[in-house]
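Undergrad: Quick one: the structure is below, questions incoming.
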Amino acid sequence: MNIEQFKGLARLPKFAIPSHYDLHLKLDLSAACTFSGTVKINLSITEKTNFLVLNANQLQFHQALFTTSGNQQYCPSDVVVDDDDEVVVLVFDETLCVGEGLLGIEFSGKLNEHLKGLYRCTYVDEGVKKNMAVTQFEAADARRCFPCWDEPALKATFKITLDAPSELTTLSNMPIIDEKLDGNIKTVYFEETPVMSTYLVAVVVGLFDHIEDTTADGVKVRAYCPVGRSDEGKFALELTIKSLDIFTKYFSTPYPLPKLDMVAVPEFAAGAMENFGLIVYRDNAMLYSDSKSTARRKQTMSIVVAHEVAHHWFGNLVTMEWWTHLWLNEGFATWVSYMATNNLFLEWNIWTNFLRETNGGLSLDALEQSHPVEVEVHHVHGIEQVFDDIGYNKGSTIIRMLHGYLGDDIFQKSLSSYIKKYSWKNVKTEDLWRVISEESGVNINSLMDCWTKQKGYPVIYVKSKDHILEFEQSGFYRAMYEDRLAAQLRKAVENNSLLATDKFGILDDMFALCEACKQPLSSLLLLMNAYRNEMDNMVLLKLIDVCYGVVNISTDAIPDSVNVLKEFFISLLQCSAEKLGWESIPGESLLDVMLRGEVFIALATFGHDKTRREAMQRFQVLLNDKNTPLLSADMRKAAYISVMRNSSTTNRNGFESLLKFYREVDAMIEKERILQSLASSPDPDIVLEVLNFLLSNEVRDQDSVYGLVGLSLECRETAWRWLKENWDRILKKYGSGMLLHYFVREIVTPLSSNEKAEEVEAFFGSNVNPAVDQILKQSIERIRIKARWIQSIKQEQSLPDLVNQLLHKE
């Protein structure tokens, strides 16, 4: 009997289909951090076979037995574990016939430290560090916890039982129906779940306080928080209650479970995970404090909470058939989370902020190494790489386009019909199009296939006709204007004659076209100058983003003019800085609070002397009084960056003070802000010290990526050398999960020459880790795009004069 036939398959063979799992896990949270378990799986054998092939990863097998409905028992003659394909093959000497049966397996494993599967993380209880257990199964890591058919289409019901220390809270997808105590161990029995995919199964065991509320429909919602911090869960609880009510009405379908728990855990690779009935959050993504959290955090949290709740319809109730159709989960959850947030906070103008989501998708989809929205996934190792800006941001934008085309009434009715038709089932993209076509009378397939089955997007070339130009800045495309029209648009921007969304889009498109060498940098700078008196918050945030991008490329392209360019950008932001000031104004909007922080971060980054002096003075006050009103949560990062931009090997005082402050503060959100700033120093020796610090035990694994995002341009070579020297260590520490993506993307992408691109290719060679192969290709392509752009800018010989003129222009 040849088991090689199962080698390298993208999906499991279909001769055995599960319908129910009875799973009993026993957790040992002592220093050993192990678990053992039994699983009994109800199977339908659909064709004669001598094999049962299911998923498993890093599990030990102790016993397996298959029992038919006629009570005939078959013990496998061999158990073959394939670590590469993450499957286990049970080999039977006798043929298993078509019919029903029960597969029982005893197994064990170790609570891993890679934040995947069933993993260990730690919390502090009265000064003592203790272990807790958390699961993260999406995309394909339920197999790290128990042997299973770990594919989204193979839905089943689950009855879960847990043995855990009696003093700890035990959570799973369903409510608890019984508990039994045996000494200091309790056995907890949970209600059986409805049919669901394996990636949505969840377990959390730890020490928490909780608060609760009930929806209008009687669904109990609880927020589990670290002990003593339940007040910080109130905002997320309130958002969840309101989101449930919004989605229940909009989809004309009630929330499908009797309860919804959310839990903030200290270590989590993603921001949050929509496990059915048990949403798990990274602590900083769920906990909110008026005094410690920034305005941006409040807005982001609102969108994230709505996103995770929305998944209970798009993803959990109606699930994609395979990861090719992931966008049906993520694109819809993203779009509908903005819809809900807009309903709750109309004053935030959230759809303008949505354009930043669109931008992320456009940026990635401009690459040759992009992929269609419906992306082929050929192996388990590549799944996590498709959780990217295409599925989330391009996906949500084309949904918004379709919604605008059909109108809200037809679109809402179509979604309601879709959810009713496919509840508890799996779908492909064409299933959605079929329902919308039936409801709207429009052939949606022919309309939308080019958006989901092809990569890339259109560039629209615009000419003026009869001096009338009508905008709708919400689509997934770029617009390029003829010179005369571009000059008229600059004038319209100066005169504040356009909607904020259009001013945002014009600037965003010009930057992208300039980056693609379709427009000269001089045209972009002239356009930026038109925003000198801009007052809209989201437009100014886009202007700041563009300023960063231009400074970064100009450092290599026109190094002699970079300081003058920074002065020009400082002058563009001066009006906003003077209006906003350092301290909050009673009654001001959340958008003003957000903008204040970003404006002063930019001024500090660009070397504005007055900002840096003021920031460092206020930082000194903060060191003596952690609650000083002179440095609010929204303004602290500007101060931290000022400190680090002034830090060097010969002037370490600020760096050491900030590092000491990091070690002293308890609030993880404050530690996060500090980590985002530490690597912004222009001194290579300081940054090298910071990079090593990120891998130390003083920084949680999930938080190390914050330090990478803030890496200074001056030290990109240092960071690249460090990555090469520490690559094996990083692989061992972070495994193959999402955190590894950041190390490649944030360190490789800032490089900017063809020589460096070749060096990166040579280093990784043909043995690149399959968990990051696509991200690596995308990063290398971005390096080459910058190299080409630099050469293009160098041809603009009049640029230095233009920069000087713009700086001194009133």
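Quick reminder: no glycine exception, Cβ is built from N, Cα and C everywhere.
Pulled these from TrEMBL:
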type	residues	note
ACT_SITE	GLU308	active site, proton acceptor
BINDING	HIS307, HIS311, GLU330	Zn(2+) binding site
DOMAIN	18-200	domain 'Aminopeptidase N-like N-terminal'
DOMAIN	235-451	domain 'Peptidase M1 membrane alanine aminopeptidase'
DOMAIN	472-784	domain 'ERAP1-like C-terminal'
SITE	TYR392	site 'Transition state stabilizer'
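In the displayed structure, how are the listed features positioned relative to their neighbours?
TA: Around GLU308 (active site, proton acceptor), the C-beta neighbours below 8 angstroms that are at least 6 residues distant in the chain are MET262, ALA272, MET273, GLU274, ILE279, TYR281, ALA333.
Sequence-distant neighbours of GLU330 (Zn(2+) binding site) (same chain, 6+ apart, CB under 8 A from its CB) are GLY315, PHE387, GLY391, TYR392, GLY395, SER396.
Mean pLDDT for the domain 'Aminopeptidase N-like N-terminal' (18-200) in this predicted model: 96.
The Cβ of TYR392 (site 'Transition state stabilizer') has 22 other Cβ atoms within 10 Å, all protein chains considered.
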Undergrad: If the Zn(2+) site is taken as the center of the Cβ atoms of HIS307, HIS311, GLU330, which further residues of that chain fall within 8 Å of it by their Cβ?
TA: GLU274, GLU308, ALA310, PHE314, GLY315, ASN329, PHE332, ALA333, THR334, SER337, TYR392
Undergrad: My understanding is the cutoff is Cβ-Cβ under 8 Å with a sequence separation of 6 or more in the same chain; which residues meet that for HIS311 (Zn(2+) binding site)?
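TA: Expected: GLU274, ASN329, ALA333.
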